[in-house]
Amino acid sequence: MATLKEKLIAPVAEEETTIPNNKITVVGVGQVGMACAISILGKSLTDELALVDVLEDKLKGEMMDLQHGSLFLQTPKIVADKDYSVTANSKIVVVTAGVRQQEGESRLNLVQRNVNVFKFIIPQIVKYSPDCIIIVVSNPVDILTYVTWKLSGLPKHRVIGSGCNLDSARFRYLMAEKLGVHPSSCHGWILGEHGDSSVAVWSGVNVAGVSLQELNPEMGTDNDSENWKEVHKMVVESAYEVIKLKGYTNWAIGLSVADLIESMLKNLSRIHPVSTMVQGMYGIENEVFLSLPCVLNARGLTSVINQKLKDDEVAQLKNSADTLWGIQKDLKDL
């Protein structure tokens, strides 16, 4: 006796398992991981989304919650498991997992604890998706991108840190607010380490090709009567402020990550400030990852733009690199 499905649907092609074209995996279903997931789904970037975490109930709940929204999405398959086999054939893997900094904990100690987590995660990712591109989001992102590159054995163009993509977006938003234009029309770059020692490239800030530093030569310096330097200070402090107010940041970083993924999956060759291996650039001698303007396309991070930086900006970049190396050189088991 034929089932209802057999009566309803007459097959034309043989049934076979299809390999997804644009599968994306998100590792870690905390606030940041789920913001990445919903941003990816909202932009219809993937034909299969896989979620992985160690907390099975939370993981299943998040998966079901997203699946129940399938009618409103263009992603036919949403899966989740604590076993990494669920991630097989991913084009892009987003790593948001990691331990949180405890009160009074040193950065080195936090990084070392995250290294121990990544030693389990990264080999599993590469085992099931040897051709994937990994985007590292977990903090401290620049050091953990280096750790991921070391542990994965992947070429450096396929290991990318979310880096200063969000810092630069915050910078452009805050400047645009002051000027009364849309952030997309206000161009400016934050480079270096994501966070406290980031570098605002004031020499490159422009609106419609007009260099703002030509209009106000003191822009970004301590002598500036309009105090534009405050904008960069606000960028650095903004995450701390949001965390103080709501406990964590997630929406903006989720949108930022989806933006990076779009550039790669759609082969756009857009330029983003993301964390890459900078050894040999700007006189940096060690194997550190920092944000520079990078071209992202289907192959990953394919080139770096040589920005004309002023001497003080180069000095700040080198300072960032030294800070990171100071922590990296003492990491164990890499």
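Including glycine, each Cβ sits where the backbone N, Cα and C put it.
Note that the coordinates shown come from a computational prediction; the quantities given were computed from them, not determined experimentally.
So that you can see what the record holds, here are the features copied from Swiss-Prot:
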MOD_RES   Ala2  N-acetylalanine
MOD_RES   Lys7  N6-acetyllysine
BINDING   30-58, Arg100, Asn139  NAD(+) binding site
MOD_RES   Ser44  phosphoserine
MOD_RES   Lys58  N6-acetyllysine
BINDING   Arg107, Asn139, Arg170, Thr249  substrate binding site
MOD_RES   Lys119  N6-acetyllysine
ACT_SITE  His194  active site, proton acceptor
MOD_RES   Tyr240  phosphotyrosine
MOD_RES   Lys329  N6-acetyllysine
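Features as recorded by Swiss-Prot, highlighted on the structure.
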residue	record	Cβ neighbours (10 Å)
Ala2	N-acetylalanine	7
Gly30	NAD(+) binding site	18
Met34	NAD(+) binding site	20
Gly42	NAD(+) binding site	15
Ser44	phosphoserine	12
Thr46	NAD(+) binding site	28
Val54	NAD(+) binding site	13
Arg107	substrate binding site	14
Arg170	substrate binding site	21
Thr249	substrate binding site	19
Students should find that the Cα atoms of Asn139 (substrate binding site) and the residue listed as 'N-acetylalanine' sit apart, in Å rounded to an integer, by 55
For Lys119 (N6-acetyllysine), the closest of the binding-site residues by C-alpha position, picking from Ile38, Ala50, Thr249, is Ala50
Ala50 (NAD(+) binding site) has its Cβ surrounded, within 10 angstroms, by a count of other Cβ atoms equal to 28
Ranked by how many other Cβ atoms lie within 10 Å of their Cβ, the recorded positions Lys7, Lys58, His194, Lys329 are led by His194
Within 10 angstroms of the C-beta of Ile38 (NAD(+) binding site), the count of other C-beta atoms across all shown chains comes to 19
For Lys329 (N6-acetyllysine), the closest of the recorded positions by C-alpha position, picking from Ala50, Arg107, Arg170, Tyr240, Thr249, is Arg107
In the three-state DSSP scheme, Ile38 (NAD(+) binding site) belongs to helix
Counting Cβ atoms within 10 Å of each Cβ, the densest environment among the recorded positions Lys119, Asn139, Tyr240 belongs to Asn139
